[in-house]
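Below: one structure, written as structure tokens.
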Amino acid sequence: MSLMQFSGLLVVWLLSTLFIATLTWFEFRRVRFNFNVFFSLLFLLTFFFGFPLTSVLVFRFDVGVAPPEILLQALLSAACFYAVYYVTYKTRLRKRVTDVPRKPLFTMNRVETHLTWVMLMGIALVSVGIFFMHNGFLLFRLHSYSQIFSSEVSGVALKRFFYFFIPAMLVIYFLRQDSKAWLFFLVSTVAFGLLTYMIVGGTRANIIIAFAIFLFIGIIRGWISLWMLVAAGVLGIVGMFWLALKRYGLNVSGDEAFYTFLYLTRDTFSPWENLALLLQNYDNIDFQGLAPIVRDFYVFIPSWLWPGRPGIVLNSANYFTWEVLNNHSGLAISPTLIGSLVVMGGALFIPLGAVAVGLIIKWFDWLYELGNRETNRYKAAILHSFCFGAIFNMIVLAREGLDSFVSRVVFFLVIFGACLLVAKLLFWLFDCAGLVHQRAKPQPQTQVEG
């Protein structure tokens, strides 16, 4: 890459970043937080944060990358995607009405809410316990990270239930919403994340999500300022780099440490070059249509329920890894949101996907606003826990693609909804048995004048 080509890419990157950052800043000033703000920051991180890292790798360490014209296409496609997404998100097809009372779809009481978070936490802890009994601490047993996907590890499906610990802790926080509950959320979820990191063998998702939710709650409540958020972000990047070194068993120093930091940070937070690789091999892609979305549900179907279930699921990530990169190491490499759309239907699917994502984020913001307006604090805690608990799925959306997001958000909805239904059933049984008692309201103290 010549300096002239880099200069052209830099101009496009600066304009695109300024465009998205400006819209995000205006939205932040207006509402302080909603899921449009979160997705916009996540989109910036995924598709634009990595450009400076790539530039240093190219000019400092002479690392090979895709041709400049392909990198330009990747930057422009990301900017155009966001423009279509933003217009979709902001467009209203009918007048907003907030004063018309509507019959609530469901309601919650104190006992049902506590039963819900206990079951969510129980699902996570029991799954971790069973996985640990089968495999022990994989971080200290396995020699390479790719081994966690091998036949040496049993009970892999249980990992999908670990994440429900976070929504359980979110319910506890939203019932109190004070600084002590906020700090308790951080300590409990990060401790659980570190435990699963050691048990699973290097998976950092629970730690990243817990820390991100903690920061956004702090922003919403005014406990964290913007400069503190930036400082925490830098600390998070360094922390994730250290965990990555431990995960891959790397011992580096000097220039090698700087090089390792650059490419691991880029791959962890901003795999934008994967989109460029897909665009570089565009003519060789056999478009998969909507099949990757359907196939991604296969992993949630137990083999005893479907004996003939395919052992290999060809979703967009695996198609990118196996067919485009010809990588059969056992790891699935993230194609990114836009990359998954390219795999499914080429350039035509990019604006269609942007419209779909705009509607998805709008739906989450509708739920979030519903929780903000809710007068029943127990129902509000459940709604907010569901919305913030789905942040993990939004990160999957940006990094892994639309197919992975759809299957995971449906799975999350089913398990979360099942816990709500079971909680209501248990409350009904307890109530029928006379085990539920109303809390006595404290009597007002009367002051006796002497």
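For all residues, glycine too, the Cβ spot is worked out from N, Cα and C.
Going by Swiss-Prot, these are the annotated features:
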- 6-26: transmembrane segment (TRANSMEM)
- 37-57: transmembrane segment (TRANSMEM)
- 63-83: transmembrane segment (TRANSMEM)
- 120-140: transmembrane segment (TRANSMEM)
- 155-175: transmembrane segment (TRANSMEM)
- 181-201: transmembrane segment (TRANSMEM)
- 207-227: transmembrane segment (TRANSMEM)
- 228-248: transmembrane segment (TRANSMEM)
- 341-361: transmembrane segment (TRANSMEM)
- 378-398: transmembrane segment (TRANSMEM)
- 410-430: transmembrane segment (TRANSMEM)
Candidates 37-57, 63-83, 341-361, 410-430; stretch with most C-beta pairs under 8 Å toward the transmembrane segment (120-140): 410-430
Highest-contact recorded stretch vs the transmembrane segment (37-57), from 207-227, 228-248, 378-398, CB pairs under 8 Å: 378-398
Interface check, the transmembrane segment (207-227) with the transmembrane segment (378-398), three or more C-beta pairs under 8 A: yes
Among the ranges 63-83, 181-201, 410-430, the one whose Cβ pairs under 8 Å to the transmembrane segment (378-398) are most numerous: 410-430
Beyond the flanks of the transmembrane segment (228-248) by 6 or more, those residues with Cβ under 8 Å of it: 139, 144-145, 197, 201-202, 204, 207-208, 211, 215, 218-219, 260-261, 264-265, 268-269
Intrachain neighbours beyond the transmembrane segment (410-430), with Cβ under 8 angstroms and 6 or more residues off its ends: 106, 109, 111-113, 115-116, 119-120, 123, 160-161, 163-164, 167, 297, 300, 382, 386, 389-390, 393, 436
Long-range environment of the transmembrane segment (181-201) - Cβ separation under 8 angstroms, sequence gap at least 6: 124, 128, 131-132, 135-142, 145, 147-148, 153, 159, 162, 165-166, 169-170, 172-173, 175, 207, 209-211, 213-214, 217-218, 221, 223, 243, 247
